[in-house]
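For reference, the structure discussed in these notes is given below.
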Amino acid sequence: MSSGGLLLLLGLLTLWAELTPISGHDRPKFCYLPADPGECMAYIRSFYYDSESKKCKEFIYGGCHGNANNFPTRDKCRQTCRAPRKGRHT
């Protein structure tokens with residue numbers, strides 16, 4: 001496959017991943033991990049998905065290690081881990 005074809009395929013896969021709605025059954029497994037600040041001493045405002053409250057919450061990330069349940073914005077956390085609300089149109 002040519003590099004142009006691979007680039008097109010990558011673009012289509014990225015678009016599909018962004019537009020596919022998240023449900024509780026296909027939510028990524030890392031969304032169920034606890035917030036992990038990591039071992040370093042930076043002070044980075046981040047967000048994690050709290051599977052008990054079903055909300056994205058703020059925490060302070062130390063800058064290294066940690067886990068994949070770590071997002072730079074609340075919106076990115078919601079897009080990745082939170083199921084859309086039923087009966088609500090946006």
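The backbone N, Cα and C atoms fix where each Cβ goes, glycine too.
The Cβ of Cys31 (disulfide bond) lies under 8 Å from the Cβ of Tyr49, Ser51, Asn69, Thr80, Cys81, each of which sits 6+ residues away along the same chain. Cys31 (disulfide bond) falls within a helical segment according to DSSP. Taken from Swiss-Prot, the feature disulfide bond covers Cys31-Cys81 (among others).
Around Cys64 (disulfide bond), the C-beta neighbours below 8 angstroms that are at least 6 residues distant in the chain are Gly38, Glu39, Cys40, Ala42. As annotated by Swiss-Prot, disulfide bond applies to Cys40-Cys64 (among others), with the evidence given as sequence analysis.
Per Swiss-Prot, the feature disulfide bond maps to Cys56-Cys77 (among others). Secondary structure at Cys77 (disulfide bond), taken from DSSP and collapsed to helix, strand or coil, is helix.
For 31-81, the entry in Swiss-Prot reads domain 'BPTI/Kunitz inhibitor'.
As annotated by Swiss-Prot, signal peptide applies to 1-24, with the evidence given as similarity to another entry.
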Let me check the 10 A CB neighbour count of Cys81 (disulfide bond). How many other CB atoms are there? 23
I want to check the contact list for Cys77 (disulfide bond): same chain, sequence separation of six or more, C-beta distance under 8 angstroms. What comes out? Phe47, Tyr48, Tyr49, Cys56, Phe71
Among the disulfide-bonded residues Cys40, Cys56, the one whose Cβ has the most other Cβ atoms within 10 Å is Cys56
